[in-house]
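First the structure, in the form of structure tokens, and then the observations on it.
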Ligand SMILES: [Zn+2]
Ligand SMILES: [Zn+2]
């Protein structure tokens with residue numbers, strides 16, 4: 001099954017700092033860390049492929065249950081409403097909230113389903129020691145869809161919904177919700193057990209006597225590493241021979257793209273915070289609330305922990321992300337390698353926390369789908385909901401377009417002036 005598709009199967013370059021390594025022969029349960037920046041490069045699950053297979057099968061069963069069964073029940077002023085996940089999407093679309101319906105449908109329903117199906121498909125073949133047909137497509141789809149799966153963020157949103165609506169209505173979480181929780185747990189464990197980069201390692205054969213490394217960093221040695229499967233190629237190669245991804249020594253126009261996206265997100269931050277995110281009509285009375293207004297209301301109600309969570313997710317994290325990305329771009333623009341370890345850690349934090357800002361968007365979407373009771377009470381998203389959702393998605397793209405390897409690059413004059421420094425961590 002294994003493929004040997006490049007003259008350099010024995011080498012591996014860290015995707016964060018570009019340091020070259022000899023490809024390790026890992027046993028089950030072992031991971032390989034970058035000796036320069038400490039980044040987790042590749043690993044082998046201690047339970048082999050059986051555990052991720054069982055987890056993804058359980059996640060698929062839970063997903064089907066969560067879709068088919070009712071999710072939440074609302075009682076308000078003698079009116080009752082039961083909402084399932086698909087009916088929430090339909091309801092949002094029917095009430096002209098197309099963008100929110102698309103976010104809920106894609107990020108909470110389709111992304112987890114696609115990642116579960118891709119994982120199951122690949123594992124069915126890999127468990128039999130066979131190369132999966134069309135494996136390039138399915139591995140890439142698995143990498144992409146697991147990035148956009150935001151079901152874990154949605155669980156926090158449900159907690160906020162319960163706290164916000166506790167004085168307005170009686171809310172009952174039904175079987176669909178508990179199946180959804182089980183799906184989130186199984187899929188997170190499956191993701192942790194089988195990162196996409198680790199799947200590719202099954203397909204790469206390295207020789208038992210690896211050749212010595214030609215240099216310390218891939219670019220300096222005239223090599224380029226595939227960011228999807230880790231296979232190292234000559235710098236003249238345009239596409240990865242294993243996974244067909246485009247090869248770039250550094251992401252093209254990385255700083256320009258990150259700058260454009262960060263500026264767009266920064267502009268959207270103002271309408272997202274100044275305009276109402278949610279409009280409630282209760283017995284004819286119209287109440288508009290902004291993000292910060294919602295936080296203050298939660299605080300005044302005495303639900304301090306939820307107020308702090310919403311403040312961090314909706315106000316602090318987006319702003320901190322914009323500042324952090326601007327700082328990282330400034331470091332690269334200055335062209336000097338100062339504190340690259342700390343800057344790399346900062347970049348990883350930005351990557352991890354980004355999606356948690358979607359909490360408020362999902363809260364508004366859930367309340368809007370739940371509370372559509374005609375003249376009695378309705379909740380609709382304000383203009384800020386669209387601006388905020390767009391801002392979060394744009395900052396996710398901004399973090400993705402940034403190339404952390406540039407933090408480790410130096411100007412040619414600096415390269416000659418200093419001996420390269422090395423700090424082993426593994
Ligand atoms: Zn590294
Ligand atoms: Zn590749």
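Quick reminder: no glycine exception, Cβ is built from N, Cα and C everywhere.
Going by TrEMBL, these are the annotated features:
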TRANSMEM  53-76  transmembrane segment
TRANSMEM  96-126  transmembrane segment
TRANSMEM  147-166  transmembrane segment
TRANSMEM  172-191  transmembrane segment
TRANSMEM  259-283  transmembrane segment
TRANSMEM  303-328  transmembrane segment
TRANSMEM  349-371  transmembrane segment
TRANSMEM  383-402  transmembrane segment
Interface-richest range of 53-76, 349-371, 383-402 toward the transmembrane segment (147-166), CB pairs under 8 Å: 349-371
Interface present between the transmembrane segment (303-328) and the transmembrane segment (96-126) (three or more C-beta pairs under 8 A): no
Selected stretch (most C-beta pairs under 8 A with the transmembrane segment (259-283)) from 172-191, 303-328, 349-371, 383-402: 383-402
Contact between the transmembrane segment (383-402) and the transmembrane segment (172-191) (3 or more Cβ pairs under 8 Å, separation 6+): no
Sequence-remote partners of the transmembrane segment (303-328) [C-beta within less than 8 Å, at least six residues beyond its ends]: 156, 159-160, 163, 258, 262, 265-266, 269, 272-273, 291-292, 294-296, 343, 346-347, 349-350, 353-354, 356-360, 363, 388, 391-392, 395, 398-399, 402, 407
